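Novice: Attaching a single structure in structure tokens format; questions to follow.
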Amino acid sequence: CFGFPLSIFFIVINEFCERFSYYGMKAVLTLYFTRFLRWDDNFATAIYHTFVALCYLTPILGAIIADSWLGKFKTILYLSIVYAIGQAVLSVGSISELTGGTASNLAPNIALSMIGLILIALGTGGIKPCVSAFGGDQFEEDQERQRGTFFSLFYLSINAGSLLSTLITPTLRATECGIHTKQECYPLAFGVPAILMAVALVVFVIGSKMYKKIKPQGNIMLEVSKCVGFAIKNRFRHRSKKFPKREHWLDWASDKYDKRLIAQTKMVLRVLFLYIPLPMFWAVFDQQGSRWTLQATAMDGDFHFEKYLLFSHVHLPQIVNPILIVIMVPIVDSVLYPLIKKCKLNFTPLKKMTVGMFLGALAFVAAALVQVQIDKTYPVFPAAGQAQIKLINVGEIPATVQFQPQLDSVNIAPKTETGYMIYEASKLQSAHISTAILNKTVPLDLLKKERYTLAFKWDSPNISSNLIWDNITSKPENGKSLVRFINSLSFTVNVTMGDTEFGELDPLSVTNYSFVPKPDGSYTINVSTPEVACTAVSKKFGYGSVYTISLDYCVSNQLSITYFEDIAPNTVHMAWQIPQYFLLTCAEVLFSVTGLEFSYSQAPSNMKSVLQAGWLLTVAVGNIIVLIVAGASTIDKQWAEYVLFAALLLVVCFIFSIMASFYTYIDPNEIEAQFSEEEKKEHKKDQDDNEKEADSRM
């Protein structure tokens, strides 16, 4: 079909469904850890990268099984079943009703989730090196161009699945479900990827009669290991100068192993040597699913088209990566590379990978610049020995507040507030409130490292006041917003906002803070007494904000309210993440797509999966690097950590460019054909010798 084996279309469709399953689950995994399992950011990041590392360590196991025992087809089939079971277990583990709908005991959810993730890691990792290599096996030796196009098409299917899943599963997560309590619907967000994995398995089985299945050739990994071990041992035995040197240290294995195996081992080791610096790229790349996702939660995610496309605000920048991949892979493959070739520029695969690493470093520089702007918007909280206090005048006349003993004096107009002011907690004793009519002294007994709000109003014939402990020590996480109400009316009211009930509220008393379900939405605020009811429509609170809302008047069923900003909403828009995603996508096209084909093209015929597994192993090591750096680092500022990773990748990029300059490209098929020809000649010579010997005996 179009010059391609028909079987590869089943492989591409299978890969699309499998990648939808994997990336769909992965798109909400970090938020599942932080919001459902209630793990802190650092622990969630550690578990996330541990899982990803495991997904890229298990390819070694899959490659050994495929190339040594079961073959690629059966390995993909059996491990896909394990994979589908893992997705189903994870979906079940995210059901809140396992613990009766309470968050006090999440042990069953955690246990099932971890079992599911381990099975997924075993399944997805085990089939990773086999699927692409199995697709490459479907082509004949003279179909090199078609095979190169297949790898681009294969990568395109990966990112098409990633794109759709990154759009769909966050939307499913954002829906509410549950029997006892309504909350984010992770069972549905994980359940749909589980269904797609089952579809991938069915599609793969349907095409089974069309596949070209190459039989495994024994435990090749064991043979290679023995060959390397014997060469090292034999070289050590003959280290004396009286023994002549050999062209390559592996040639010392020729005393026991045939030349073909030695040559194949040389091919593999030359490529594996080049892989040594590559994990640093993946250490950078895979942080888009952890650190960059968490960075997005501290940004303004109000995209105006979101309500039409049903996107989740946390994941909007992430769709830039798969969208650009889907657009750029065909353009780069059919336009850019041919254009470079026409300009007679020798843009080799290793040069492409070097440029990709450089762009990856630039992406993290861009992320650091965005983080610097985010950090500027964070509120300042009291340090050790300090306390913060804010004044709110909810009354109708201006006032002057003098902090005692003989500290600052603040003028405050009606229905206004001051910002949070920092004082030494032990020195601040009282606040003297003066109006044109009355004066009042309010004693202050402030705890260290805490925030307070002093609300007051002239309430004839007295000045009423309330010192409120704010009980907030950080900006709300995950882009959430908080709101509370203060009753400036002269009578007790019952307060609701949307579906949230705040209960009865006495004059000048304050409710507890409650989460706003959707910070970019508006809600109906309802204030009622047995005699009267008033309503007002709230403004959009914005992501990461904290507000105190004053209930001022109730006239003709219309409620008048005043907003007091305790913590400002996120002001750095999420669109500023797009440049870093664009740079990282360009890096991925040059590095990952090229590396995938390079690994296949430079591998001997019986070690395709092994070398693919070696390529994937670099991803695992990259995620382990993230764990080590994030765990051992004493860097407090996130932007500095981004700069550290960018600097490390630049250093590695320079080292890799030097290593690549010494690499000589080979054609494994040509080399193996030469050995086959030599073996035929030797076999014919042996036959001729045997015939001559038989003739002489006669």
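Note that Cβ sites are derived from N, Cα and C of the backbone, with glycine treated the same way.
Sharing the features that TrEMBL gives for it:
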COMPBIAS  677-698  compositional bias 'Basic and acidic residues'
REGION    676-698  region 'Disordered'
TRANSMEM  46-64  transmembrane segment
TRANSMEM  76-95  transmembrane segment
TRANSMEM  107-127  transmembrane segment
TRANSMEM  148-168  transmembrane segment
TRANSMEM  188-207  transmembrane segment
TRANSMEM  267-285  transmembrane segment
TRANSMEM  319-340  transmembrane segment
TRANSMEM  352-372  transmembrane segment
TRANSMEM  613-635  transmembrane segment
TRANSMEM  642-666  transmembrane segment
Novice: Which one, 46-64, 76-95, 613-635, has the most C-beta pairs under 8 Å toward the transmembrane segment (188-207)?
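Specialist: The stretch with the most close Cβ contacts to the transmembrane segment (188-207) is 76-95.
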Novice: So which of 148-168, 267-285, 319-340, 352-372, 613-635 is most in touch with the transmembrane segment (642-666), counting Cβ pairs under 8 Å?
Specialist: 352-372
Novice: Answer yes if the transmembrane segment (613-635) and the transmembrane segment (46-64) have at least three CB pairs under 8 Å among residue pairs 6 or more apart in sequence, and no otherwise.
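Specialist: Yes, since the transmembrane segment (613-635) and the transmembrane segment (46-64) share at least 3 Cβ pairs closer than 8 Å, they count as touching.
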Novice: Using a Cβ-Cβ cut-off of under 8 Å, list the residues of the same chain that are 6+ residues beyond the ends of the transmembrane segment (148-168) and lie near it.
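Specialist: Hits for the transmembrane segment (148-168): 4, 8, 11-13, 15-21, 23-24, 27, 132, 135-136, 139, 192-193, 196, 309, 311, 315, 318-319, 321-323, 325-326, 329-330, 333, 592-593, 596-597, 600.
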Novice: Going along the chain, which residues at least six beyond the ends of the transmembrane segment (46-64) come within the CB cut-off of under 8 Å?
Specialist: 26, 29-30, 33, 39, 75, 79, 117-118, 120-122, 124-130, 219, 221, 282, 286, 289-290, 609-610, 612-614, 616-621, 623-624, 626-627, 630-631
Novice: Can the transmembrane segment (352-372) be said to touch the transmembrane segment (267-285) if we require at least 3 CB pairs below 8 Å and skip pairs under 6 apart in sequence?
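Specialist: They are in contact.
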